[in-house]
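Visitor: Marked as divalent metal cation binding site by TrEMBL: Glu134, Asp165, Gln191, Glu239. According to TrEMBL, the feature Mg(2+) binding site maps to His421, His488, Glu564. Among the features that TrEMBL reports, domain 'VOC' is placed at 287-396, 418-556.
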Amino acid sequence: MRTSIATVCLSGGLTEKLHACAAAGFDGVEIMDADLVAADESPEEIRALCARLGLGIEMFQPFRDVEGVTDEVFADTLRRASAKFATMARLGADLVLVCSNVATATIDDDELAARQLGALADLAAEKGIRIAYEAMAWGTYVNDYRHSWRIVEKADRPNLGICLDSFHILSRGDDPTGIEQIDGDKIFFLQLADAPVLDMDLLSWSRHHRLFPGEGGFDLPGFLAHVLAAGYGGPLSLEVFNDTFRQTDPVRTAEHALRSLLWLADRTAHAHGEGDGDAGVARPPRAVDFVEIAGADLAVADEMLAQLGFRFRGRHRSKPVRLWSYGDARIVLDEQARDERPALTGIGFVVDDADAAATRAARLGARRIFRRTYAGEQDLPAVSAPDGTGVYWSAAPEDRSWVAEFEGGVGGESTDGVIDHVNLGYHWSEFDEAVLFAASALALTTESSAEVPGPRGLVRSQVMRTRDGVVRIPINLAPPTAPLPSRHIAIRCDDVSAVARRARAAGLEFLRIPANYYDDLAARFGLDDAALDELRNLGLLYDRDGSGEFVHFYTPTIGGVFLEFVERRGGYEGYGALNAPIRLAAQRNEEVRRGVAGSPA
Ligand SMILES: O=C(O)c1ccc(O)c(O)c1
Ligand SMILES: [Mg+2]
């Protein structure tokens, strides 16, 4: 599989983009005409740079507004084309992308379109150039890949083929199975992009919201399978127009982009039964093993966990690390960190094959973490997620010997606790990368996303989970000007009221929920007075849907982390989305009271 990326995906000048693509390990690039026009370097210099970096120039793009025009307009099109073909010769590029006409087309006639594309192809042939014709989703007359293929067949030139772009096909809801009817040798190029499912005009959706494969709502593995079944053997090239990636560090974005292609290739091979074992598609995790909180002094966390009813399981025998558990929910407090501010710094997962999971994540570009372990200590395979969060794998319960490395804890175990979800917040520049990491390295599935209004702006929440719901990681996108949101660990228990009562009796202060919230609950759900009083008195939040109920509460925030206790009744699958704005507002009110709030924006 040859990997390629369009320069339009990245920020920076053309040479910076090329260096980033090469550093990430791409085989080739699509050079955007506009990037070349704006570059200081000549086409010859860009050609030499690509050669030095080992990057193939897979395609030059785009050339626009060719077919369906009057003879007079077309004469000028050929003049424009001659000039661009001369540039391509200097660049050493021999494939050009022609977008279906979105602007100057005035004549809806396939015979004319085929004649004009044929004439363009003949001009290109004199320079040894091939043309890939791409149906744009918003093309004036040609906007369906099957239509572009009919025209290419009609024109019947050896150097004229089509370019398929997953966005243009899937955004319109066109059936991609027809791709298999196309002669694979005539698919000259393949562009890949995912996108969130949005209800908006195609052009804006395409120009601003495309995503790398695995980050949106399109079935890219299914799409690619059709293209490969047609016999396509060219590069897999990413073409992602996205406002965020135009601003982020091109080196990091290029690494992120390559990870999406590896994920896609794995998924597609897997669907064909060609997975290569340990490096192939990871099986989703079976559970969250533990969550790690690190900070220089975690005494406040110890106190809070004790108040909540966690059991102290002891100190690690060789490190300043402590273990607490609530049933099967384990929290590791790590005081090796120099940073004063406690933070959620790692998550352990239970998988079938821990080494395979780590190897696979490393192959997807994640850095391995090597930790000092002493004789007899379990060495959990681990990597660092792109944001630096540690990810550990173990094959528990058969293999949870690390727990026995903690000494001096109390015995006995409450049995009803488990980690329900771990909520991670990101800024705009890291959000899509985090979603892709969860989809690829953690083998989690994307659930629909929600938007939550908070006092500092809108928070987008994208839940990544296993299909069985045993592992759930809501990934939140913070408003652009807000500080990085706190992360939180949600513990599921059988009786959240009992936990709340006990924690209050032990002196734990909860996040303060406004009285107005309970008036609104009464209005919304018609709860009886006793139920409402219990919620109000204990400071609990409540939600209900067609399948069940959800009762939960939040602790105060310690540094950058807080806890939530939840009780799910019946088949309730959500996270109390209607309560999230209450939580965000209450957390801000708490910051205001403590004088650490900053400005609202
Ligand atoms: O939005 C565009 O103009 C544009 C240009 C080239 C492409 O390959 C494409 O898919 C879209
Ligand atoms: Mg395209």
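Heads up, the Cβ atoms here are built off N, Cα and C, so glycines get one too.
Because TrEMBL annotations are produced automatically, they should be read as predictions rather than curated entries.
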Visitor: At a 10 Å cut-off from the C-beta of Glu134 (divalent metal cation binding site), count the other C-beta atoms across all protein chains.
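Guide: 23, counting other Cβ atoms within 10 Å of Glu134 (divalent metal cation binding site).
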Visitor: Counting Cβ atoms within 10 Å across all protein chains shown, which of the binding-site residues Asp165, Glu239, Glu564 comes out on top?
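Guide: For the binding-site residues Asp165, Glu239, Glu564, the Cβ with the most other Cβ atoms within 10 Å is Glu239.
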Visitor: When a 10 Å sphere is centred on the Cβ of Gln191 (divalent metal cation binding site), how many other Cβ atoms does it contain?
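Guide: Total other Cβ atoms inside 10 Å, all chains included: 25.
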Visitor: Expressed to the nearest Å, what is the distance separating His488 (Mg(2+) binding site) and Glu239 (divalent metal cation binding site) at their Cα atoms?
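Guide: On Cα coordinates alone, these residues lie 35 Å apart.
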Visitor: Counting every protein chain present, what is the number of Cβ atoms, excluding its own, within 10 Å of the Cβ of His488 (Mg(2+) binding site)?
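Guide: For His488 (Mg(2+) binding site), the count of other Cβ atoms within 10 Å is 23.
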Visitor: Can you count helix, strand and coil residues in the domain 'VOC' (287-396) using DSSP?
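Guide: Looking at the domain 'VOC' (287-396) with DSSP, the answer is 20 helix, 44 strand, 46 coil.
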Visitor: Cβ within 8 Å of the Mg(2+) site's Cβ centroid: which residues qualify beyond His421, His488, Glu564?
Guide: Asp420, Val422, Asn423, Pro474, Ile489, Ala490, Ile491, Phe562, Leu563, Val566, Tyr575
Visitor: For divalent metal cation, what surrounds Glu134, Asp165, Gln191, Glu239 with a Cβ no more than 8 Å from their Cβ centroid?
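Guide: These residues sit around the divalent metal cation site: Ala6, Leu97, Cys163, Leu164, Ser166, Phe167, His168, Phe189, Leu190, Leu192, Ala193, Ser237.
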Visitor: May I ask which of the binding-site residues Asp165, His421, His488, Glu564 have a CB within less than 6 Å of any atom of ligand 1, listed in sequence order?
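Guide: The ones that qualify, in sequence order, are Asp165.
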